[in-house]
Amino acid sequence: MTYTLVLLRHGESEWNALNLFTGWVDVHLTDKGVAEGKRAGELLAEHGILPDIVYTSLLRRAISTANIALDAADRHWIPVVRDWRLNERHYGELQGKNKAQIRDKYGEEQFMLWRRSYDTPPPPIEAGNEYSQEGDARYAGIDIPKTECLLDVVNRMVPYWESTISKDLLAGKTVLIAAHGNSLRALVKHLDQISDEEIAGLNIPTGIPLRYELDENLRPVRPREYLDPEAAAAGAAAVASQGGK
């Protein structure tokens, strides 16, 4: 028996469109992002993938994408679980800043270290910064990070996968995870056993479902597959080029 998992990065957000580091800042989808969410749901339906449960973050761009996709797939009625551990990586002091300007100010090498290295976090966000999450009611009782690298995201995402999400898969449920570029990269790294060095080259496009078929050990039985490979390739290339505009 195989188990079906679908990963979905949220549709384009307002800050994606502005080329800003977003992280834990709670921004809306653009009209394009809404359309991407709808198309994602249509792709699920076209491929006969019927999610039984959805996991998403506490950020509206992922929650909205999940809701739009489920509505388009006529699965709006299934359970939705929201958890902060699926949040995007916290970009620290970079949150709200333009990627191209950061690259120009600090140079390509430092920019790429902060953006794509496995274990180098950006500078921590300062108390009182308008893009800090201190005092946000949704994070009550949580030790809110001040910055994160991808390793930090792996360390919160993978235990949640193992303790919670995996149980639904092994119970025979088709699981949809609607989350963010880095929380999904963390999970893909775990599932496909990608090295710390190679993960830097993995870019996940917005709004295109990525399907896994997993065995009883929750290891892939075949390579991961985007439901729209051509659009995914173009989208991944666009993500890779961020900072260059």
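From the backbone N, Cα and C atoms, a Cβ is placed for every residue, glycine too.
In the structure as shown, the Cβ atom of H10 (active site, tele-phosphohistidine intermediate) sits within 10 Å of 31 other Cβ atoms. A coil conformation is recorded for H10 (active site, tele-phosphohistidine intermediate) in the three-state DSSP classification, outside any helix or strand. Annotation source Swiss-Prot lists substrate binding site at 9-16, 22-23, R61, 88-91, K99, 115-116, 181-182, citing sequence analysis.
Summarising the annotation, Swiss-Prot assigns active site, tele-phosphohistidine intermediate to H10.
Annotation source Swiss-Prot lists active site, proton donor/acceptor at E88. Using a 10 Å radius centred on the Cβ of E88 (active site, proton donor/acceptor) and all shown protein chains, the other Cβ atoms total 26.
The feature site 'Transition state stabilizer' is assigned by Swiss-Prot to H180, with sequence analysis given as support. Sequence-distant neighbours of H180 (site 'Transition state stabilizer') (same chain, six or more apart, CB under 8 Å from its CB) are R9, H10, S57, L59, R61, A62, L86, N87, E88, R89, listed in sequence order.
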Taking the Cβ of E12 (substrate binding site) as reference, which residues of that chain separated by at least 6 in sequence fall under 8 Å from it? L29, T30, K32, G33, E36, T206, G207
Any same-chain residues 6+ apart from G181 (substrate binding site) with CB under 8 Å of its CB? Would you list them in sequence order, or say none? R9, E88, N203, I204, V239
Which entry in the list of binding-site residues, R9, R89, K99, has its Cβ near the fewest other Cβ atoms, using 10 Å as the limit? K99
I want to verify one value. Collapsing DSSP to three states, which class is W15 (substrate binding site)? helix
Across every protein chain in view, the count of C-beta atoms other than its own within 10 A of the C-beta of G23 (substrate binding site) is 25
